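Below: the structure, in structure tokens.
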Amino acid sequence: MAGPTPPPPEEEPSSPSLRLRCAVQHYEWGRRGEASLVARLSDANADDHGPDPARPYAELWMGTHPSAPSSLLADGLLRDWLARHPAALGPAVAARWGGDLPFLFKVLSVAKALSIQAHPDKDLAEVLHALRPATYKDGNHKPEMAIAVTEFRVLCGFAGIQELKDVLRTVPEVEDLVGPEDAAKLLSVKEYHGVNEVKSCLRSAFTKLMTASKEAVSEAITKLIFRLNAESKVRTLTEKENLVLSLEKQYPEDVGVLSAFFFNYIKLSPGEALYIGANEPHAYLSGECIECMATSDNVVRAGLTPKYRDVQTLCSMLTYKQVFPEILRGVPVQPYVRRYTPPFDEFEVDCCSLPPGELVVISPVPGPSVYLVMAGEGEIQVDSMPNGEKSKQGDVFFVPAYTEVKFSASGPECMQLYRAGVNSRFFN
């Protein structure tokens, strides 16, 4: 948020702060009714009678992606407005990303696990989009970052070689599906054999599991659940075993239940974040988060889903790196403001927690920003506007490049804001 003030662009957009109306996605895995943060945020500015208690409110989208584009309250789609006012993006962003917002900002409310999935890199995304445009709706990559709002549970990346060997030794149902040859290779491989040798054994074993027949998977899961239920009477099950039992209740007879043993199981506390690069396997399991990503909706799925599965593509595209994800906790950039900076040009996220009666001044940056008021209420003042504008939970604003913003908190509670913008490193 802080930084040197660059010169203003030559063409000034017509309106310095632009309030957005944002779309909700009602995916089946979302939390329902008032229990969903997405429902509460979207309801704060709705004219109807509150969230439908029976309906899932899974994602709030803030951005220009055509699958669920945001619009200005008084002026049509944000994307069309940006086409008429390219200076709002700043020259560097407009030049690099073709006159569009390079990031998509979201809130997720997860009741039930999302699919085992990965997002393609740019080259693969272009190929998939050309081959199957109905499934892969754009040709962009989709690196992403999730910041926990509540405890947020995730499967992300492959577990270390020692943990995978333990899985093959202690979970006979997985070992049976992988098969004796691939299991033996993975059990005998040593880290000093080299990264490529380990990756090759892992790829072979994981592909064997994911491509096993429906009948074999169903039988393996039945045996696993029976065994774990029996063993739970005489020993304490591991966290991963308990997770697998809960996933099976959500997605019976799904190979994704077994694949969970292969991944790192992570619980983010509120304020912690992780980022996910291209071609890395992951699945969000439960909780609520802020998410930011490159503007794309490309997802290759292979388990824990009723949607289209592209198992061969997923198994062939993964990096098979075995690293525990880096956990970000935000770096203070000015009083009340922490910044989350992933290694991607398209985006960064700031979190601002403003105590009642306090004011924060956000210096102009050379790119566009989208602000979400997550909690509390106060006032927003943009550039030289003589008067501030009231803002409350659920308000979303687009702020053009080179624009100073002031927020003041006026309610009884802390005002919490999130800002998505282009990664500051891009401008350096």
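Each residue, glycine too, has its Cβ placed from N, Cα and C.
Annotated in TrEMBL:
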DOMAIN    18-158  domain 'Phosphomannose isomerase type I catalytic'
BINDING   Gln117, His119, Glu144, His282  Zn(2+) binding site
DOMAIN    177-262  domain 'Phosphomannose isomerase type I helical insertion'
ACT_SITE  Arg301  active site
DOMAIN    340-384  domain 'Phosphomannose isomerase type I C-terminal'
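Structure with TrEMBL features highlighted.
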{"residue": "Gln117", "record": "Zn(2+) binding site", "Cβ neighbours (10 Å)": "24"}
{"residue": "His119", "record": "Zn(2+) binding site", "Cβ neighbours (10 Å)": "25"}
{"residue": "Glu144", "record": "Zn(2+) binding site", "Cβ neighbours (10 Å)": "25"}
{"residue": "His282", "record": "Zn(2+) binding site", "Cβ neighbours (10 Å)": "23"}
{"residue": "Arg301", "record": "active site", "Cβ neighbours (10 Å)": "22"}
Quick one: Cα separation, Gln117 (Zn(2+) binding site) versus the residue listed as 'active site', in Å? 4
Count the residues of the domain 'Phosphomannose isomerase type I helical insertion' (177-262) that DSSP assigns to helix (H, G, I), to strand (E, B) and to coil, and report the three numbers in that order. 68 helix, 0 strand, 18 coil
Around the Zn(2+) site (Gln117, His119, Glu144, His282), what further same-chain residues have their C-beta within 8 angstroms of the site's C-beta centre? Ala118, Lys142, Ile276, Glu280, Pro281, Val299
His119 (Zn(2+) binding site) and Arg301 (active site), compared by Cα position, are separated in whole Å by 9
Cα separation, His282 (Zn(2+) binding site) to Arg301 (active site) (Å, whole number): 10
When secondary structure is assigned with DSSP, how many helix, strand and coil residues does the domain 'Phosphomannose isomerase type I C-terminal' (340-384) contain? 0 helix, 25 strand, 20 coil
